[in-house]
């Protein structure tokens with residue numbers, strides 16, 4: 001390396017989290033072994049890293065988008081491997097999960113190139129070159145608004161521009177709290193989206209969300225915003241959020257969602273309140289199993305899928321387009337079996353034309369926006385009991401990463417198809 005000055009290029013250095021980056025190293029000696037390394041310090045001050053081993057070509061260049069990684073946290077030609085294969089650095093706390101809670105700031109990722117094929121001790125060596133990148137959920141011009149009205153708590157995100165826009169009510173799962181990053185990213189793609197808090201960590205608020213009225217109020221807040229097309233509002237749910245979405249779509253006499261995107265959830269446990277669902281899940285807790293170093297496996301609690309229509313959502317009552325997203329290695333919920341039963345119910349009712357299913361082999365439960373690192377298991381705080389367990393989510397890094405990328409693209413297309421009046425009216429996300 002004497003007398004050479006490697007040039008590392010990362011484009012764009014500032015982009016949305018679902019935007020691909022181009023990483024190229026130039027001005028290396030031909031056939032040089034190098035390691036490309038990414039490093040991120042989370043909001044919890046934990047360090048996450050990924051790395052790939054490369055050999056420069058005859059021109060002294062490494063192009064991550066087309067050259068194969070020979071080893072590391074990912075292998076093969078993986079343009080985004082430096083992001084989706086991130087894992088805690090050796091010696092970190094156990095059960096970590098990487099999530100962005102403050103969407104007003106970016107995820108800062110340092111991408112470096114080192115001489116040789118390294119697997120550890122990166123902090124003890126000097127890189128040949130480093131580029132600092134920013135990954136944003138919030139595009140310029142997106143507006144964040146705290147919602148505390150009619151007993152409803154959430155965060156509303158407005159896209160830039162005069163509108164009007166379609167709307168989305170976004171609901172996460174049983175972990176509770178207010179999770180904003182998916183809603184923020186939806187707004188960056190032209191949807192007014194509200195992240196809804198419905199399992200509060202504040203026990204004094206439990207009574208506020210006891211009935212589906214809470215969710216209907218939240219839907220109306222989105223619907224009645226002056227920038228929203230009132231007849232073009234969707235439901236977007238993951239895990240327990242899927243159960244809420246299906247119950248609303250089937251039984252609400254107050255709201256009529258234009259379409260629903262339901263990820264990693266099921267139709268068992270129709271209920272008048274969230275506490276009913278939680279209570280029923282607790283009653284079925286004897287079905288829980290422990291596997292893989294004591295991790296809790298929840299998937300069996302809804303098995304066998306009941307035949308009694310009173311114990312599951314009547315899918316024949318669904319009147320809007322529905323997209324189901326299923327990871328075949330989901331260890332948190334029996335989504336494969338649930339999706340099969342939902343399909344049979346809709347076929348019997350004659351509304352199967354409304355159903356789209358995306359099913360991904362070897363993907364787990366936490367199917368998130370693209371390039372989010374995969375977590376086969378992680379810490380989980382049970383909201384009602386406030387005790388910590390390690391939950392097995394399932395999935396394997398590469399197929400799960402592929403599922404997240406494909407699912408996000410198709411979810412956005414599904415929302416645009418059913419919410420926007422015409423393809424020409426869809427705004428383009430830029431940063």
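Heads up, the Cβ atoms here are built off N, Cα and C, so glycines get one too.
What TrEMBL says about a protein is an automatic prediction, not a curated fact.
A quick note: this is a predicted structure, and the numbers were derived from the prediction, not measured.
Some features that TrEMBL has for this protein:
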- 214-420: domain 'BAAT/Acyl-CoA thioester hydrolase C-terminal' (DOMAIN)
- 239: active site, charge relay system (ACT_SITE)
- 330: active site, charge relay system (ACT_SITE)
- 365: active site, charge relay system (ACT_SITE)
Just to confirm: which same-chain residues, 6+ apart in sequence, have a Cβ under 8 Å from the Cβ of residue 239 (active site, charge relay system)?
172, 173, 174, 263, 264, 265, 332, 333, 365
On the 0 to 100 scale, where does the mean pLDDT of the domain 'BAAT/Acyl-CoA thioester hydrolase C-terminal' (214-420) fall?
93
Neighbour count, 10 Å Cβ-Cβ cut-off, for residue 365 (active site, charge relay system): what number do you get?
27
At a 10 Å cut-off from the C-beta of residue 330 (active site, charge relay system), count the other C-beta atoms across all protein chains.
27
